[in-house]
Amino acid sequence: MITSIELIDKFDLKFIAGNVAIEIPVANADISRPGLEMAGFFSHYSSDRIQILGTTEMSFFETLSKEERAERMVKLCRKETPCIILTRNIPAPQELIDACNRKGTPLLQSKEATTSLISKITSYLESELAPETTMHGVLVDVYGVGVLITGDSGVGKSETALELVKRGHRLVADDNVEIKEVSRNVLMGKAPKLIEHLLEIRGLGIINVMTLFGAGSVLPEKRLMLNINLETWNKDKVYDRIGLIEEKLSILDSQITKKTIPVRPGRNLAVIIEVAAMNYRLNKMGTNTAKDFNERQNEQIRRQSIKEI
């Protein structure tokens, strides 16, 4: 739960009036600039949002009569309003101080410009209030691609991650990956604090990757882009040999590209994942080798058919 106290510490805000001890939760990442409300229109007032008062709002406020000022500020302060913030160190008018003290709404002050403060608070709230879940797997940064390695227990996820780290890539999380959906199809993954930088290898135990390989071998968080699902080789299953099958892994309300890699003795999984990551980047740049091959093959078949006719 995010409250005004956390915002004070995070954004260097100054407490002016109200009751900061009242823990009114910030449940909405959107920020409101109550311009129409200053003019007296409260029909669609988003009272559950953080209210930001800048130079424009306060300049208009100065044109109001004394009675109108008091009335507008009382209406602005609601029990569900997390806080009201004055930007650019604008002095708080007495009407606003009285209304905040009466209703208990925290009144804060910032030295930052209005647009800059709104941008920073919005980014922070979107990250903190984003839907989240946890998944069993390993998250590794491979050539700048966030690769989530999944599969049954004992299939070799951690061992593969260790080989990738040894080859110069960076570990984000092992065994338990905390995932947040910061926006549509944008998933950020990180490790729980308890197991940050740790890797569990059967027969060896728990190792600290940062201590063994250095600070450059770990990453605090990474966007999930590609899922590599490891599974024991099944001779009765037909695996994709060309690359035309487009699988997707759904996490929360987002999807990422998925590749299923069969595991059997002699396969170098680390190299395969490296190539998968590079191929993913190549596809995003507009080059799809599988589709190009398929088109050339179809063209050759078409030409052969014409010759036979």
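Cβ coordinates come from backbone N, Cα and C, glycine included.
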Correct range for region 'Important for the catalytic mechanism of dephosphorylation' (source Swiss-Prot, candidates 64-69, 100-105, 262-267): 262-267
Winner by Cβ contact number (other Cβ atoms within 10 Å) across the binding-site residues Ser153, Ser158: Ser158
Folded-back contacts onto the region 'Important for the catalytic mechanism of dephosphorylation' (262-267), same chain, C-beta under 8 angstroms, at least six residues removed: 151, 155-156, 230-234, 237, 239
Cα-to-Cα gap, Gly156 (ATP binding site) vs His136 (active site), nearest whole Å: 13
Residues close to ATP site centre defined by Gly151, Asp152, Ser153, Gly154, Val155, Gly156, Lys157, Ser158, Cβ within 8 Å: Leu230
